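Read through the structure below, which is laid out as structure tokens, and then see the notes.
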Amino acid sequence: MSLFVAYNICEDGKDAVGIAGNIFAFGLFLSPIPTFRRIIRNGSTEMFSGLPYIYSLINCLICLWYGTPLISPDNLLITTVNSIGAAFQLLYIILFLMYAESAKKVRMLGLLLAVFGIFAIILVGSLQVGDSNTRRMFVGFLSCASLISMFASPLFVINLVIRTKSVEFMPFYLSLSTFLMSASFFLYGFLSDDAFVYVPNGIGSLLGLIQLVLYFNYNRSSSEDSREPLILSYA
């Protein structure tokens, strides 16, 4: 009976942190809104790059596929958060295309088609693998590598903060959302005993914590009015 109770507590805890991770992820998905308000207001993408949204889209698609029952069982909350994330990234890409100049527009369209092509290859290729464990390992390694690369992308911002001793380009709520979301899914993966979830999110938690420490360390020396944030990653 005690084992049954412990199992139920573990399952309830896993669901709770998974739902929390989905909620915290909205902080990341909504973070580009100030950038796009500026783009729409000025009628131009100016010097902004569309690559972060391309990278985020392929990341969300791969992780979404990993969370489906065809790849890994009982990972619905991984599917939901990445489905929402993919929808947001696609919306941002469409808006970027609407306001980008011709050269940028052609490049972004090419990259978008490449993303769908790569995802189609991963999807069809993984379905050709008959053994479910091998299929899970294949997609799991891809999702893990994709997540680690996304979580590592703010490293240049961390380097910038250390060099300039200013948090002007590292918004607090973005760093906080990154930490809370990563920590939630780290616990979710740990309680699920899923290394493909807890390893990359453990790295994300550490990087998010470093950003928060740097923020509090350099906040006093930073100006109160921040410019447009340099945002390169999402959950």
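All positions are counted from 1 along the displayed chain.
Backbone N, Cα and C atoms are what each Cβ position is placed from, and that goes for glycine too.
Note: TrEMBL annotation is automatic and uncurated.
Taken verbatim from TrEMBL:
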TRANSMEM  16-36  transmembrane segment
TRANSMEM  48-68  transmembrane segment
TRANSMEM  80-99  transmembrane segment
TRANSMEM  106-125  transmembrane segment
TRANSMEM  137-160  transmembrane segment
TRANSMEM  172-191  transmembrane segment
TRANSMEM  197-218  transmembrane segment
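Within the same chain, residues 21-22, 25-26, 28-30, 32, 36, 39-40, 43-45, 48, 50, 53-54, 56-57, 60-61, 63-64, 67, 105, 108-109, 112, 234-235 sit at least 6 positions outside the transmembrane segment (80-99) and bring their C-beta atoms closer than 8 Å to a C-beta of that stretch. Distant neighbours of the transmembrane segment (137-160): 52, 55-56, 58-59, 62-63, 65-66, 71-72, 122, 125-126, 129, 169-170, 178, 182, 195-196, 199-201, 203-204, 207, 210-211, 214, 230, 232-234; these residues of the same chain sit at least 6 beyond its ends, with a Cβ under 8 Å from one of its Cβ atoms.
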